[in-house]
Amino acid sequence: MLSDRFGRSIDYLRVSVTDRCDLRCTYCMPKDYKGYEDPPDWLTFDEIERVVAAFARLGTSRVRLTGGEPLTRRNLPQLASRLSSLDGVRDLSLSTNGTRLARHAEALAASGISRVNVSLDTLDRECMAGITGRDCLPSVLDGLQAAKAAGLAPIKINMVAMRGVNDAEIDAMAAFCIKEQFVLRLIEVMPMGETGRNTAYLNLAPVQQRLAEKFGLVPQALELGGGPARYWATADGSASIGFITPLSQHFCATCNRVRLAVDGTLYLCLGQEQQYPLAPLLRGGASDAELEQAIRAAIELKPEQHDFGRQPEKIVRFMSQTGG
């Protein structure tokens, strides 16, 4: 099993297949952003498969495809099929903004993707357009129903909670997710890049208490998917709400993941700058053993915790550059 110097097992790899996105969410990417990686610098499907296979041989069993918006990458189901067939990969999932999910849900399910996380910050159409820069709520809701029909489960809704923006709509989102049997995950905004730092932070601790009282939620002992969310469930266990609190109650002690950016940079922490370039190895004739050795060396760079609370200005890259 792959582990870091603090004894944390690294069993989860997030793979960004593109830094492009068809939305401009206010906390993620500037409206006029032009600093994309050139497509020739993107890892090819062959290179992505090789990195994932190396991680799998080292014991990393769960892989998530991210972006940018991963469904803007052509032929993504083909990549998913290749990755889901690798020895050692037992869970392949996808994070998406949902705008293209309706047309791809069946192909994704057939390719071996088992579940999806969908970014949805509001059920108010005007508010959604204000956050994303596009009138896209109907297409996202259609995508959710298509994912459900395709058998992708569980479907998790990622809602970034922002003071003065969508905080008044949290209860409505919780009720919607309970009704539709989606897993809601409320996320504190992370101060990544200028966009993240300029978004009004909302402490989720009072929200958690309010929702627990309103919907009769009780803490869950087990986490769904081994991620950073702390989950609360309805009394009958039919619905869950998770809280991801990197600032008010960080989860660094149990962090189990690293992120592969579209250019082959391995990021060891969202809230630190430690990184390791794998593209030179992939394109320089390195053997599989040398690639595995480099991955082990990179994991040793993983910091103990993020610096969001102490030095938020330190992280200048945007979320879309890292891979959500």
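Placement of Cβ uses the backbone N, Cα and C atoms for every residue, glycine included.
In TrEMBL, annotation is done automatically, which means it is predicted and not curated.
Keep in mind that this is a model prediction, so the values were computed, not measured.
Quick look at what TrEMBL annotates:
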type	residues	note
BINDING	ARG14, ARG64, SER95, LYS156, ARG257, VAL258, ARG259	GTP binding site
BINDING	CYS21, CYS25, CYS28	[4Fe-4S] cluster 1 binding site
BINDING	TYR27, GLY68, SER119, MET190	S-adenosyl-L-methionine binding site
BINDING	CYS252, CYS255, CYS269	[4Fe-4S] cluster 2 binding site
DOMAIN	5-228	domain 'Radical SAM core'
Quiz item: Looking only at the domain 'Radical SAM core' (5-228), what is the mean pLDDT?
Solution: 94
Quiz item: List, in sequence order, the same-chain residues at least six positions removed whose CB sits under 8 Å from that of ARG64 (GTP binding site)?
Solution: TYR12, LEU13, ARG14, VAL15, LEU92, SER93, LEU94, SER95, ASN117
Quiz item: What Cα-Cα separation, expressed in whole Å, is found between VAL258 (GTP binding site) and CYS269 ([4Fe-4S] cluster 2 binding site)?
Solution: 7
Self-check item: Candidate binding-site residues GLY68, MET190, CYS255, ARG257, pick with smallest Cα gap to CYS21 ([4Fe-4S] cluster 1 binding site)
Solution: GLY68
Quiz item: Cα-Cα separation of CYS252 ([4Fe-4S] cluster 2 binding site) and GLY68 (S-adenosyl-L-methionine binding site), in Å?
Solution: 24
Quiz item: Hey, how far is GLY68 (S-adenosyl-L-methionine binding site) from LYS156 (GTP binding site), Cα to Cα, in Å?
Solution: 18
Quiz item: Is any of the binding-site residues CYS25, CYS28, SER119, CYS269 within 10 Å of ARG259 (GTP binding site) (Cα-Cα), and if so, which, in sequence order?
Solution: CYS269
Self-check item: Recorded GTP site residues ARG14, ARG64, SER95, LYS156, ARG257, VAL258, ARG259, farthest C-alpha pair in Å
Solution: 20
